[in-house]
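Chemist: Structure incoming, see below.
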Amino acid sequence: MAVLDTDLDHILPSSVLPPFWAKLVVGSVAIVCFARSYDGDFVFDDSEAIVNNKDLQAETPLGDLWHHDFWGSRLSSNTSHKSYRPLTVLTFRINYYLSGGFHPVGFHVVNILLHSGISVLMVDVFSVLFGGLQYTSKGRRLHLAPRASLLAALLFAVHPVHTECVAGVVGRADLLCALFFLLSFLGYCKAFRESNKEGAHSSTFWVLLSIFLGAVAMLCKEQGITVLGLNAVFDILVIGKFNVLEIVQKVLHKDKSLENLGMLRNGGLLFRMTLLTSGGAGMLYVRWRIMGTGPPAFTEVDNPASFADSMLVRAVNYNYYYSLNAWLLLCPWWLCFDWSMGCIPLIKSISDWRVIALAALWFCLIGLICQALCSEDGHKRRILTLGLGFLVIPFLPASNLFFRVGFVVAERVLYLPSVGYCVLLTFGFGALSKHTKKKKLIAAVVLGILFINTLRCVLRSGEWRSEEQLFRSALSVCPLNAKVHYNIGKNLADKGNQTAAIRYYREAVRLNPKYVHAMNNLGNILKERNELQEAEELLSLAVQIQPDFAAAWMNLGIVQNSLKRFEAAEQSYRTAIKHRRKYPDCYYNLGRLYADLNRHVDALNAWRNATVLKPEHSLAWNNMIILLDNTGNLAQAEAVGREALELIPNDHSLMFSLANVLGKSQKYKESEALFLKAIKANPNAASYHGNLAVLYHRWGHLDLAKKHYEISLQLDPTASGTKENYGLLRRKLELMQKKAV
């Protein structure tokens, strides 16, 4: 087994704490770093993965989670992102149930506690990485390298690059994946207890358990499968003591003893490698079958380098992305929620100064790899090898080497690779301490890094508390990112600041002239401001760029309807439905078009389709009731109204519409009850009081009619119909008073 190099651990500028206290300190520090995010909102991707994800609600059968992607879409759909994380979604569903709805505090607290727990687990992981494996006679693993493991765990706990995973609720996928990844690694270590008397049987159990935990990690996030590769590296280079330098020397000298290398004759190692390979192959096969229609389809704006025609351009830019990821680990002050859409322009020429970053990255990596594989110091080899293994292997799924990914740089994918970074940094501090007498200076540097990173975590957690702060924080990092401007515009539009939203949407379109979502949203705002001509031009361009953009087709239809271009509007609605068959809002708007054209049957059919697809679509129900009421079909209007209220019992607008129908049918008592219920739900609706007054007027309850006419006119003094009815009532009351005299 690997043994501890006591010299390295003793000279590190770190305290020695018993395991319990070390874990308590690390866990507490991890909580302090990200506690500020506990009461934050759902931000950015949280909206799609949580708030709009029906898989979290009880109406969706639990079994559907195994057939849906992370965002709630069916995996078999061509539009699915194929991100299969059912166990993560299950935890969201439990959170939703325990919180009694979409209350973000519970979701954020779980994320913070998960990061704290993972940081605590890191103390054990780093103890193995730095100190090796040693067990007591009772089979308990010794806590070796206490200084190194504490320092590395603290560096991990306070790393600001983790903010996206902890403060963004969807980052739970990375947290859960990391948790089971580390448990799998520690479980694999259990297979090599020196006190193991049962030999292969016990070892096989722990190897199989490790593979199972790797599968669980993969069901939290795809990255989890890479733990099998890390376990294999650990087994070969640490347990098997495979020495590349020794092998190379024997090959060069044609040493016949090469044939007798223990690793090559180790049946146990070959058996474990077979298990790991078989387990990994099985997991990949199942994962591929689940994907259904093949890999996801990404666009050029998601990952521009992967669409470059030249293989050289692709390779250069991929390596530049790697250097940016390395820089985020080294200097995590430059953070952004999204790095796509022009944030990182492509390197297209060797004269681009950014190629220096590639050279620096590979200079460092090659140096570390040479030291890791060829150093005569076995302890140094082990630490560097495992540090590089943790740095590189979990990052492979995001590297674009095996398949195209849907992002340029993503801070969340660095959660596990940062373990390797912390190993290398801690080893570097140890090496510096060993070769210099300025121990206090190194200790001050270490404390400075911990303090600055903690401060950055607190500040960055604050930026993740709301979308406005998060999006605006990105402007200084990625001013060329069209998506940053788009998201700021969307946030402003949601708050009603249309003028500012238009400015940001226009900038997003300027930065990316093919940004159809920005065109669609800008077109919608212009439509609401009655700037119909420009709205039509933008929406027409959007559907020209992306012909299957159903939402843009529907919005184009709305604009064309407003311009009285009814045939074009109908065609646009039909095209939208063609590309998105289950589109209740489009059926609703199509029904409005038919109503404007007095095609009443077609309108009713369109609205009925909307309610079939979305039973809670109150606008469609309301329009059906009103149309049937206006055309004199009171019995049918009443039936539709009752059907609607059974599905949406607390919708006051439906109560109001049905109450009007019942009043015309002289069902005064039932109509009154519905009016009063609607008014209780929405007491400031002038029309509710006005129509209830009309009911009382017809019914002969003139004092009550007078009361509600007056309330209605207080709420809306400009309502001409109410004024006229109130005047009629007053004249009637005056006549009655004169007759009484």
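Note that Cβ sites are derived from N, Cα and C of the backbone, with glycine treated the same way.
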Chemist: If we trust Swiss-Prot, are R140 and A410 on matching sides of the membrane?
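Modeler: Judging by the topology that Swiss-Prot records, the two residues are on different membrane sides.
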Chemist: When the pLDDT values for the topological domain 'Cytoplasmic' (376-382) are averaged, what is the result?
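Modeler: Taking every residue of the topological domain 'Cytoplasmic' (376-382) together, the mean pLDDT is 81.
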Chemist: Tell me, please, if the transmembrane segment (413-433) and the transmembrane segment (142-162) are in contact, taking contact as 3+ Cβ pairs under 8 Å between residues separated by 6 or more positions?
Modeler: yes
Chemist: Honestly, do the transmembrane segment (441-461) and the transmembrane segment (199-219) touch, with at least three Cβ pairs under 8 Å and pairs 6 or more apart in sequence?
Modeler: no
Chemist: For the glycosylation sites N78, N497, which one has its C-beta crowded by the most other C-beta atoms within 10 angstroms?
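Modeler: Most Cβ neighbours within 10 Å: N497.
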Chemist: Sorted by position, what residues of the same chain at least six away from N609 (N-linked glycosylation site) have a C-beta under 8 A from it?
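Modeler: The answer is P584, Y587.
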Chemist: Restricting to the same chain and to residues at least six past its boundaries, which positions have a Cβ under 8 Å from a Cβ of the transmembrane segment (142-162)?
Modeler: 4, 8-10, 12-17, 19, 22, 25-27, 29-30, 33-34, 115-116, 119-120, 122-124, 126-127, 129-132, 134-136, 328-329, 332-333, 335, 411, 414-415, 418-419, 421-423, 425-427, 429-430, 446, 449-450, 453-454, 456-457, 460
Chemist: How many of the residues that make up the repeat 'TPR 7' (686-719) does DSSP mark as helix, as strand and as coil?
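Modeler: Helix, strand and coil residues of the repeat 'TPR 7' (686-719) number 28 helix, 0 strand, 6 coil.
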Chemist: Which of the three DSSP states, helix, strand or coil, fits N609 (N-linked glycosylation site)?
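Modeler: N609 (N-linked glycosylation site) sits in a helix per DSSP.
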